[in-house]
Amino acid sequence: MRPSSTSTPAEADGRRTRGGRQRMTQGDGPARAGSASTGTGRGASASGSQVKGVLLRQETILFGVLVAMVAFFTVLNPLFFSTHALGNVLQDWAPVMLLAIGQTYVIVTAGIDLSVGSTLGLSGVSAALTIRALTEGGTSPAMAITAGFVVAIAVGVTVGLVNGLLIVKAKLAPFIATLATMGAGAGLTLVVTRGVQIAGGPREVITIGNTRILDVLTPPLIGVLLVLVIAWVALEQTRFGRWTYAIGSNDFAARAAGINVSGHLVKVYMLSGFMAALAGLFVYIRLGSGSPTSGLGFELNAIAAAVIGGTSLFGGTGKMIGTFLGALITTAVLSGLILIGVAPYWQQVVVGVLIAVAVGLQHVNVGRSRGAKHG
């Protein structure tokens, strides 16, 4: 028989400890190498995810769509990419952009403003009538133009105020309230103009609106770009913008947080009316006259610009850069169709299709996000 080897529990623990330390020491190099390899892999994966995220950002996709559309229409008609044609596209883009700015604020609050087109027309003819009356009465062109601009802005803000009060005080749905003011505004425009174009303003109006800089920009267009920057900063960097997002995300939570939801909604619709008035003035300055039908169809173009740009009809989501690109895409499509010979009657059909596609994609994204949360 072999002599039995006995050891105390302490000695056994010592051997296990030494053996464990030895195994850890022997495996230390491979472990560190594996750790470094894993870290490198994670870093590469993170970098790849960041690149993929940038490429899949909505603004990047919209810019790509815009470039593709410009290339498409340029191939069909090379004149599309000429400086003069691009200048005309920007001239068409400006009133859509102004309306879409106000529409973005409204839609972010989970509302809608169908009255912006008729407000554009009413503001424009109000300015035209005021300027013509004062000019014929002997007022200087500068004073007449200033007074006309003030009247137009007052009209737009008043329409926005009425919309806000109908929604907040009368508890009408935004769709119904703004549909009512849309009809009233269009009817009132026909009443004050008797259905005819209002011309006869001072020559300075046309001069301001059609003076080209580098064959692309005009003074009013530069003003629109400045308004866009201000609206962009206000929506994404100020308390007014934060409250707008909060109301659209959850108005009950916004009230609980101390936000005056009713008062803020009225201000948002007044802002939309103000932007519609600016759009009406832009069209009036460009044409040199006020037309009772100048705002026809603009409400759909503005909604399309905001929705294509990523502003959710469900509220709480939207960026001004997206609306900017959405307005460019909408205008480029409509201008391109005309340039390649498509009848103008198809324009609103195309706009309707664009809105349907954009809203459909929003529904898909909402469904995916809900599935991810519950998955």
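Glycine residues also receive a Cβ, built from the backbone N, Cα and C atoms like all the rest.
Caution: TrEMBL annotation is automatic and unverified by curators.
TrEMBL annotations:
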COMPBIAS  22-47  compositional bias 'Low complexity'
REGION    1-47  region 'Disordered'
TRANSMEM  61-81  transmembrane segment
TRANSMEM  93-112  transmembrane segment
TRANSMEM  142-168  transmembrane segment
TRANSMEM  175-196  transmembrane segment
TRANSMEM  216-235  transmembrane segment
TRANSMEM  268-287  transmembrane segment
TRANSMEM  293-314  transmembrane segment
TRANSMEM  321-343  transmembrane segment
TRANSMEM  349-366  transmembrane segment
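For the transmembrane segment (268-287), the partner stretch with the highest count of Cβ pairs under 8 angstroms, out of 61-81, 142-168, 175-196, 321-343, is 142-168. For the transmembrane segment (175-196), same-chain residues at least 6 beyond its ends with a Cβ under 8 Å from one of its own Cβ atoms are 112-115, 117-119, 121-122, 125-126, 129, 159, 162-163, 166-167, 290, 292, 295, 299. Same-chain neighbours of the transmembrane segment (142-168): 111, 113, 115, 119, 122-124, 126-128, 130-131, 134-135, 174, 177-178, 180-181, 185, 201-202, 204-205, 262, 265-278, 280-281, 284, counting only residues six or more beyond its ends whose CB sits under 8 Å from a CB of the stretch. Proximity of distant same-chain residues to the transmembrane segment (293-314), defined by a Cβ-Cβ separation under 8 Å and at least 6 residues beyond the stretch ends, is recorded for 58-59, 62, 95-97, 99-100, 102-104, 107-108, 110, 112-122, 124-125, 182, 186, 189, 276, 279-280, 283-284, 287, 321-327, 329-331, 334, 347-348, 351-352, 354-355, 358-359, 362, 366. Within the chain, the transmembrane segment (321-343) has long-range Cβ neighbours (under 8 A, six or more residues past its boundaries) at 58-59, 62-63, 65-66, 69-70, 72-73, 76-77, 79-80, 85, 88-89, 92-93, 96-97, 100-101, 103-104, 228, 232, 301, 304-311, 350-351, 354.
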